[in-house]
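What TrEMBL annotates here:
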- 32, 35, 167: Zn(2+) binding site (BINDING)
Ligand SMILES: [Zn+2]
């Protein structure tokens with residue numbers, strides 16, 4: 001089975017690029033190019049298509065990734081070491097597939113280098129993201145938060161989903177950045193303090209992951225092997241999931257296209273994909289979250305189906321008032 005080429009969602013219709021012109025603003029913080037599409041591709045496509053401002057901050061260029069296509073093997077860090085800039089291009093193509101126009105690298109492209117897997121010698125490089133002083137890296141994110149003023153932040157759980165040092169560090173930087181951005185006494189030169197209303201961590205409900213693997217085994221696929229539930233990041237008991245997003249099937253098509261744009265890192269086969277370990281796993285067409293800060297927009301025990309639930313109107317009014325003030 002092959003995927004149809006995606007019809008990318010249309011970029012937001014607003015005429016102005018100013019964040020204040022968007023009533024809903026979503027910020028995502030990720031470690032490497034490709035993490036955003038795997039974890040949140042559907043969510044990003046949905047909100048971009050609905051006219052929200054979707055801002056992606058990627059912390060490294062993913063220089064230490066393994067290269068899947070043999071014809072691109074020379075990009076690898078132990079050869080030409082040009083994988084980082086190449087992956088920046090893949091990320092740009094993925095963002096075009098998702099309809100996301102605001103994507104940035106923390107501190108600018110190449111400021112922080114991919115740290116490699118936990119325990120690798122690359123962890124100790126002085127330019128590795130793992131070595132970055134937390135408040136310095138978080139300060140870079142504070143500048144983005146105070147500019148974009150998101151109501152919702154999405155990042156990983158404290159283990160980074162699966163223990164990669166850059167994912168753990170991305171989690172720390174996102175959480176610390178959110179805290180410092182709200183403090184008026186922290187680096188006022190970075191802009192007016194801003195408190196993010198809701199913070200979510202990515203997660204995958206165990207029952208959905210198990211069902212996905214059952215589907216994969218039953219369907220047949222082109223991968224040399226099959227991953228296990230333990231290979232999937234952020235698997236949690238179903239009861240810990242507080243929000244689940246699906247929406248228009250077009251968003252899942254866009255997610256698949258975005259994942260395919262990360263050609264050096266991901267092999268997509270219909271509703272399944274594999275990373276450089278060649279192990280097939282399900283490509284999820286519903287994305288799940290755990291609310292860890294803020295007020296739930298659904299009744300107790302009911303999952304939200306919108307990350308902005310409960311905050312949209314209030315914040316929209318506040319911003320409209322500010323825009324009117326500015327226009328006077
Ligand atoms: Zn990653």
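Positions of Cβ are set from backbone N, Cα and C atoms, glycine also.
Locations of recorded TrEMBL features on the structure.
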{"residue": "32", "record": "Zn(2+) binding site", "Cβ neighbours (10 Å)": "26"}
{"residue": "35", "record": "Zn(2+) binding site", "Cβ neighbours (10 Å)": "28"}
{"residue": "167", "record": "Zn(2+) binding site", "Cβ neighbours (10 Å)": "28"}
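In the three-state DSSP classification, residue 35 (Zn(2+) binding site) falls within a helix.
Following the DSSP three-state reduction, the secondary structure of residue 167 (Zn(2+) binding site) is helix. Excluding the listed site residues 32, 35, 167, the same chain places 30, 31, 34, 59, 62, 156, 160, 164, 166, 170 with Cβ atoms within 8 Å of the centre of the Zn(2+) site Cβ atoms.
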